[in-house]
Amino acid sequence: MSNKKADSKPQAKYPVNLLDTPFPMRGDLPKREPQWVKDWEARGVYEKIRATSQGRPKFILHDGPPYANGDIHLGHAVNKILKDMVVKSRNMAGFDAPYVPGWDCHGMPIEIQIEKQFGKSLPAAEVMAKARAYATEQIEKQKAGFKRLGVLGEWGNPYKTMNFQNEAEEIRALGKIIEKGYVYRGLKPVNWCFDCGSALAEAEVEYKDRTDPTIDVLFAFAEPEKTAHAFGLAALPRAEGGIVIWTTTPWTIPANQALNLHPEIVYALVDTERGLLVMAEERVEACMKDFGLTGRVVATTRGDKLANLRFHHPLAAAHPGYKRTSPVYLGDYVTTDTGTGIVHSSPAYGVEDFTSCKAHGMTDSDIINPVMGDGRYIESLPLFGGLTIWDANPKIVDALKAAGSLLRNEHYSHSYMHCWRHKTPIIYRATSQWFAGMDTQPADGGKTLRETALDAVDATAFYPSWGKQRLHAMIANRPDWTLSRQRQWGVPMAFFVHKETGELHPRTLELLEEVAKRVEQQGIEAWQTLDARELIGDDANLYEKNRDTLDVWFDSGTTHWHVLRGSHKDQLQFPADLYLEGSDQHRGWFHSSLLTASMLDGRAPYKGLLTHGFTVDGEGRKMSKSLGNGIDPHEVANRLGAEIIRLWIASTDYSGELAISEEILKRVTEGYRRIRNTLRFLLANLSDFDYAKDALPAEQWLEIDRYAVAFSAQLQAELLAHYEKYEFHPVVAKLQTFCSEDLGGFYLDVLKDRLYTSAPASKARRSAQTALYHVTQGLLRVLAPFLSFTAEEAWRVFLPQSETIFTETYYAYPEIANADALVAKWTLLRDVRGNVTKALEEARAANRIGSSLQAQVEVRASGARYDALASLGDDLKFVLITSAATVVKVDAQSDESVEVAASKYQKCERCWHYREDVGAHADHPTLCGRCFSNLFENGETRSAA
């Protein structure tokens, strides 16, 4: 490249090596990035990476599938860019690290969209066709968004849970876990959403504040004599009264079937204006105050003495349909934190209630379950039939009051379960569902699912490490997994069930395979259109097709089966090295994947789990529409560049919350500019350097150049150790320090004089350029995983013959003799230079000098510092960026100092140094001897700097 012509005549007369580069100072990222995305696609860069990586050890990051609905948001951007950084850094570390993106396609949100657009009365076949089309459209939209962020992957062949092959393999996975004995059907309270009309997974439940009625209700004595004896009395002092419960769900009272007391809690019989009331002794004072009563404790007894006593239903006086009694069952889960120390039990609407009643001999057919799937009571329920439970709440309170059973009615604000899709309250509701049993003995007599999964958690590496305890606790305490859903757009639980007994067809495993073969050809629609007689002949008179679909968490939770070992088995492998998702996935994809793999394979589907936090604004608030603090990644990419989003993510400790604001983005942009300016300097000063022709061997380099390369190699080793542990923010922090301080603040600063003023092909300049070449080789590669657009842009300027930086591996720096000692020596020199710089700044502030080149310094130093400084000889002035420098030996560190004086000599017009020999050549009165030699003779000789 030719030298850039300067405007001033002296520079034209005495040229310096000021070079230019096509790598511009301004990134113009919003304009250039989309061109790079097109370029990568057109030239098949991802495919070239795959071809280059063939035969290397595999590293598999398995993509947790985003849901195919809606635009990508900042959380998506964080997740996909983190994955991209992992994959790129692993490829550059010498692995074969493919990236196959995927999408979760079935389930409620898409079905809701179809209902919104086309109504609820569409035939199932049309729902499925429209759902497929909708999901496909959403995938294309999201895919474009992810590509725009610089994410490289198999975009032409992603996995989709709705692809026929994946749907078929999921049915086969279901067959396997049935064969292994994990699946059963039963009546159980499950999370139920009235708007979905379906059971919900634990991960689909969120908690929001809600105000509900809270009531204290009296269940009148049904067995006064037995009650008296339980309290050690011959008889009750009076007939009126009963046992008191507290509840926030009045709508469950019509279905009450029992009362729960703790066996070891002491209960009191309290004489009040409302009769004799039974409650926990330690709650008497608070309850009397709440009820507005005065009371006297007549007797006390332990809870276990009251077991099996019966009390009248509180609505018995309101309608004959409630003339029944409720027995006392003992339960360890009863507490005295609030209420009366007595829990009313409606087994259809509470997990503990259900478990307690079943343990006391209640059968499924005994359980009263009047709430239908849409939230209304059955028409035949006395007093409240046909009402929604929420509308019934005040009417139940009124009926209790009229029956004389209400002691208190207030409102209570509490955190309550809501559907994550509809944002509406949900309930526990006993329904007949298909479950995976956590503590069921599998067919082979081995460990239970819970035991296997807990062992698998222990065998998994967690980043950050606290994730292990969190997932362990979730698995240890979770209920059985409700596998079934009552929807259309989902993979069918393709069973034939006996119409009378509910038993599975004896040929179920064989029949599931037959269905899977059909689904492989026609999709899940094949089950909808299948005539049972095709597969089971006359048995169709006895068996009916099961209409349930699989929980969508089973879809994504079995991707290790139908993607890693199914649709993409040629690219991927089982188990994956890493699953990487937001921290909510401990109860979502990490969780469901662990359970399915534990059932299918007896192990986790991943070797490591990496968790990132959520995005918050600059004040630490969660992003929400109501606060108006959301940040759209598209908007930021189009205004500042996707590179700024990538750098923000890479520079943030993702193990906690990721804070973002305009102020934070401004700081990130400034950091980006500093890195870009460093790259521009490197590329400009290498633009006339041909490594094959101009490079010097390391032993011929100047000492500071050997130091710079040794230091860069040591830094790279640190960075690669961070990359290996997925620690990106220390990589960014160290690289920013490297660019601004180690290079910009020291090495490049020192180098400018040599690069600009030495003869273009001199050993001094070629030494500097050879070192810069190696530094640039290494720097661009370690930047590439996160600053992908910029690293590629710079790489193509640096090595135009190379197709892409992403097929490279991390740089092998040349060996530098005595590298550790060299780095230690120059670390010492930089420390002294810092003291000199401070002294120069003080002299400048006092108007004793202008630039540092106007100064001559004397450094008094002792010991190793003196030795290091003295070893540089006349080159010390270049390191200190002064026109003259001397070093004087002193005995003690306390005697060390820096003296600054203004030079008495003239300033060279070309190099700006103040030297005694300026004008020594009469024909060149403004030129120093050094510049004269560099321009017209053999050039100056340097050894250190």
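Using the three backbone atoms N, Cα and C, a Cβ is placed for every residue, glycine included.
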Next on the checklist: Under Swiss-Prot, the annotation motif ''KMSKS' region' belongs to which of these stretches: 137-141, 502-506, 622-626?
Outcome noted: 622-626
Checklist entry - According to Swiss-Prot, which listed range is motif ''HIGH' region': 66-76, 517-527, 627-637? => result 66-76
Next on the checklist: Can you break down the motif ''KMSKS' region' (622-626) into helix, strand and coil residue counts using DSSP?
Outcome noted: 0 helix, 1 strand, 4 coil
Item to check | Contact set, same chain, for the motif ''HIGH' region' (66-76): CB under 8 Å, 6 or more residues outside the stretch | outcome: 103-105, 107, 109-110, 113, 135-136, 138-139, 141-142, 145-146, 160, 582, 614-615, 623, 630-634, 660
Next on the checklist: Please report the three-state DSSP label of E581 (L-isoleucyl-5'-AMP binding site).
Outcome noted: strand
Item to check | Secondary structure composition of the motif ''HIGH' region' (66-76) [DSSP: H/G/I, E/B, coil] | outcome: 3 helix, 1 strand, 7 coil
Item to check | Under 8 Å by Cβ from C908 (Zn(2+) binding site), same chain, sequence gap 6 or more | outcome: Y914, R915, V918, T926, L927, C928, R930, C931
Checklist entry - Near the Zn(2+) site, what residues other than C908, C911, C928, C931 in the same chain have a C-beta no further than 8 Å from the centroid of the listed C-beta atoms? => result T757, E909, R910, W912, H913, R915, V918, L927, G929, R930, F932
Next on the checklist: With every protein chain in view, what's the tally of Cβ atoms within 10 Å of the Cβ of C911 (Zn(2+) binding site), excluding that atom itself?
Outcome noted: 22
Checklist outcome for this item: CA pair C911 (Zn(2+) binding site) / E581 (L-isoleucyl-5'-AMP binding site), Å rounded to integer, equals 56
